[in-house]
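See below for the structure under consideration.
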Amino acid sequence: MRLCHSIILFNSLISISICSKADDPALLVASEFKEHFNVEEKQLETVEELLIKMKKLAHSRSFKGREFGHDAVEDSKKEVAISTQQGTINKKVSPFLFEGDIFLSRRQAVDILKALSKDKTKRLRRSFVSDKTATWKTMPIKYRFHESIDFYTISQIIAAIRFWEDSTCITFENVSDSPDGDYIEFFSGQGCYSMIGRNGGRQGISIGESCVKMGVIEHEIGHALGLWHEQSRPDALGYVTIERDFILPSYISDFLQRDDEIDTLGIPYDLGSVMHYGSTAFSVDQKSKTVVTRDSLYQQTIGQREKLSFYDVATINTAYCKDECKSEKTKCENGGYMRPSKCSECLCPDGLGGEKCEKNEDSKNAECGGIIKLTEEWKEIESPNYPDPGYEADQKCSWLLKAEKGKRVEIEFIEDFSFLCTSTCVDFVELKISDDLRNTGFRFCCYDKPEISFVSQTDTAIIIFRSQLSTDIGFKIQAKSTDAEPRTTIAPTIITTTLAPITVDAPNVWADWGEWSMCSRTCGGCGIRSRVRSCRSKKCEGRRQEFGTCNLKACPVDKHCAKLLSNNRLCNGKVCTKNDIAISSCDAPQCCPPFINVDGVCQSDQENQHDELWLSI
């Protein structure tokens, strides 16, 4: 790497800077990697070159005949993220990162590229790193804080480390100076990123300004312990579909099916994993869904960054802690198991608590929850202070529902329903009604009340209420024992069928427009829908994707909005971290600006905007 040198001409007192590529932001970022990771400049350049080869190979297979360079330049102008809960990926470091937040070793990059080159039809089998040399052999794992980390970030990192320590057999030790051997260095870098597994010597974890959230920090530590992203597992396509037409073309390599020998360790797929992509990962507009759950009830579950899920922890415990607690005889119920850090205690699935996971989890900042024994008569359950003044931020409740012997639990949502609206639920009610109470359930938020009736697979169900950021009405549910057959899902979400890539020699040849996506909001002209078309020639002029307004019927009167409410329904899929407080007018059905209510239909006096508002990318 060439540097800037200052030459002082003493006779004229003129300072001239002779600068080369050291002023290049990419090279300045490269110095960040060299400072915080055990990596030489040549190795860093090799990893970058391998990542470019992966991108070009994946791009050529998906968009045959199109120019990768042109797409890469256009994509570099846009913001990208792997989850709306994790912040956007810093453009300076993205050339060095795989799947948005993974800094690969040279060996890992070579292995992935080889797998891609050999067989394009198979999937890289990943959940936990299979390379045994990449696991941490010596405990405690030493770590230090770089001088760039501020006090608040340090407190969040310590909290995340303690969660890992409490839930697993892994231990950590903070050291002030750089020790000999292997260690982790937390630093405030250009975004959130980490390496996969132990790589030897100094190994950085970047916790940038947009990453200071416990779930994000736990995610990056998870990578360092050996966890890949959840949707990279070999069984992922049984639970999600990848909508290629909505992915930024030069990032298609972060979704392709590949093949390698990396183990899932027998842990079930978890749509609520903190390691899972969000629904708009690498999206062309940060709104269109690129990851669609086959069961649409899970759509707003994926991408959470609140905390590790039960199965996230179980993966690490299976990899590192199998020999712990062998001599203990603690018995745990409902899918719980002995806590490796303290074998006399049970580690319980979310929503469960007690000494043996036999009861509901303790509530937080509210008097709520409990064990409810059901009969054939309906019993009602509601969130704290429902409906007025409604729930508050940072509350949690859980209810353990038990049907009569030989029967199941039936659940229906009734009356008003309203939560902070985000693409990944931050405030939500969760239903765990499958026969696996360990796995994450359906999470519901926003203000569209689920209209179907749910029936559990067994005689047990769990309801969890969680609020993190906002205040709102909440929910009311009625539940009873039933002989009905299980109803735990609805038809899969279907968006667009992708055509096989075909390239023709003629210029500017577009395929037909695909189907419209679902509207992002249900009323008031508040949402958008989109559709895409593929370029069949090497290059096309015109828009690839177009957007339109939708659901122009005015939103119904909300009888509870006479109080102060946050305008969280206009977040456009992003987390409302700041509440815009206003007194809502509640005497008539509502429309979102610039629309106004005209006889129950949202219209605008701007030309053509009352019908379809077109945008393009």
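Just so it is clear, glycine is given a Cβ too, placed from its N, Cα and C backbone atoms.
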Disulphide bridge to Cys321 as given by Swiss-Prot, partner from Cys169, Cys192, Cys446
Cys169
Disulfide-wise, see what Swiss-Prot says Cys555 is paired with, picking from Cys523, Cys526, Cys586.
Cys523
Identify the disulfide partner of Cys368 as annotated in Swiss-Prot; candidates are Cys332, Cys343, Cys397.
Cys397
Candidate in Cys343, Cys357 joined to Cys348 through a disulfide, as Swiss-Prot lists it
Cys357
Three-class DSSP secondary structure - His229 (Zn(2+) binding site)
coil
Within the predicted model, mean pLDDT of the domain 'CUB' (368-482):
98
Does DSSP put His223 (Zn(2+) binding site) in a helix, in a strand, or in coil?
helix
Tell me which residues of the chain lie with their Cβ under 8 angstroms from that of Asn174 (N-linked glycosylation site), as long as they are six or more apart in sequence?
Lys142, Tyr143, Arg144, Phe145
Other than His219, His223, His229, which residues of the same chain sit close to Zn(2+)? List them in sequence order, counting a residue when its Cβ is within 8 Å of the Cβ centroid of the site.
Asp101, Ile102, Ser194, Glu220, Gly222, Leu227, Trp228, Val274, Met275
Which residues of the same chain, at least 6 positions away in sequence, have a Cβ lying under 8 Å from the Cβ of His223 (Zn(2+) binding site)?
Asp101, Ile102, Ser194, Met195, Ile196
Do you know which of the binding-site residues His219, His229 has the most other C-beta atoms within 10 angstroms of its C-beta?
His219
